[in-house]
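Enquirer: My structure is below; once you've seen it, I'll send some questions.
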Amino acid sequence: MLMLLVFGVLLHEVPLSGQDEAHPEADRVPGEALYDYSSLRLPEEHIPFFLHSNRHVASVCREDSHCPYKKHLESLNSCWGYEKSCTPESRFGSPICSYVDLGWTDTLESAQDMFWKQADFGYARERLEEIRMFCRPESASDSSLLCSRYLQYCRATGLYLDLRNIKRNHDRFKEDFLQGGDIGGYCKLDRHALVSEGQRKSPLQSWFAELQGYTQLNFRPIEDAKCDIVVEKPTYFMKLDAGINMYHHFCDFLNLYLTQHINNSFSTDVYIVMWDTSSYGYGDLFSDTWKAFTDYDVIHLKTYDSKKVCFKEAVFSLLPRMRYGLFYNTPLISGCQNTGLFRAFSQHVLHRLNISQEGPKDGKLRVTILARSTEYRKILNQNELVNALKTVSTFEVRVVDYKYRELGFLDQLRITHNTDIFIGMHGAGLTHLLFLPDWAAVFELYNCEDERCYLDLARLRGIYYITWQKPSKVFPQDKGHHPTLGEHPKFTNYSFDVEEFMYLVLQAAEHVLQHPQWPLKKNHDEL
């Protein structure tokens, strides 16, 4: 039985305990549902994909007259793409490739497959295929440790963590924070295999520094009462990127979502522990987003200082700056776009944060201009551009400045998600494109010679992207003045030719009106 459990974990068939499981009770009240379906909190479109990977829930639903998802029982072939039983035609969407990048491959089919593996659910499949057991249990009460290659993702049971003798300083990711015996479990450890996974040892790329000292203990931490604190709930450990920058912080959230897929569990009845070896706090301008992943406040690791803490189940999440990871360090084949992963992430977060689509509006295109109140990359003739937009009766124009002290993040998301054309200068605020509707267009007014960043993010999300094309019609205030690098295009402000600006916006509008998911086709001729 134990070996079946081990193999089930490796084959992605066993979710975190208590997660998404159906428990029909013999003594339940007559007339009650057999399962708490409301606890799923998934977008309707995701339900058949969830049921595919959770056949026990599907079986209960089939027998339960109260199940609201019976219509999805006919679509159980639908799958995300990483499941072993998943066929390409049943996947949650497929990338679209318009040409072959001969530097990578030589056919459209192979380009599509490569893009899917680089940045879609194929990435999850490759991580799942890498998973191996590093510390093997020999009985049901033993600990365990399994990880993907380079210890980029790990999952542990019966984890022992001794924080009685740690020393904190200013370093958020101190590599010698734990000493021998400070972390481990009661299981048979393959130490040679574990220490051979250190090729990508780096704070935000691997858990190697934290787990290289994992010790085979001679006691069962929980059963032998060796813990000051026993954490019963499944716990996700995360090393976080900059919480004040949306681009970097959403690398955290995207990788947490991908980790949930690898775990086959989307429950919010979990703890999230921020692995931070400093004594500092963490500034988080996007903290509302955690509500999509947990019912509880994020816990700083220092909360457990001076204690021996044991975790029944722990997950070491995929990290935000992994080499060839998502999405900070992602090398992408050109010519392809539209990943199911990023679209699913967008839908998942919006659904759980209760952000709804209130349009589109009949006879209107909702245009949002993201202004900047920072020192650099301001639009110097912004009023002139806005007035030009207002001459088009079809455009409903809104200028916003996403300053967190004046506009909460959830309100920012509501504006973004109810935008058809999103316009802004190069900067982290353009990460909002992740939450535009599928038919929308994003116009990076000027990319400041950083050509790939938001172009690639738009490709991943499947959103139409344009940027300024004619250097002779954009006018920098000066050559830019970075404090250490000298002249730099990101460190100045810009004016733009109004006629060229309008030409590009109308090009974006044309795309929106022709998009197959745009529901108001009659507006095309009016524009």
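Positions of Cβ are set from backbone N, Cα and C atoms, glycine also.
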Enquirer: In Swiss-Prot, which of the ranges 12-15, 172-175, 524-527 has the motif 'Prevents secretion from ER' annotation?
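Expert: So the range that Swiss-Prot calls motif 'Prevents secretion from ER' is 524-527.
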Enquirer: Which residue does Swiss-Prot record as N-linked glycosylation site, given the choices Asn263, Asn354?
Expert: Asn354
Enquirer: For Asn354 (N-linked glycosylation site), what is the tally of other C-beta atoms lying within 10 angstroms of its C-beta?
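Expert: Result for Asn354 (N-linked glycosylation site): 10 neighbouring Cβ atoms inside 10 Å.
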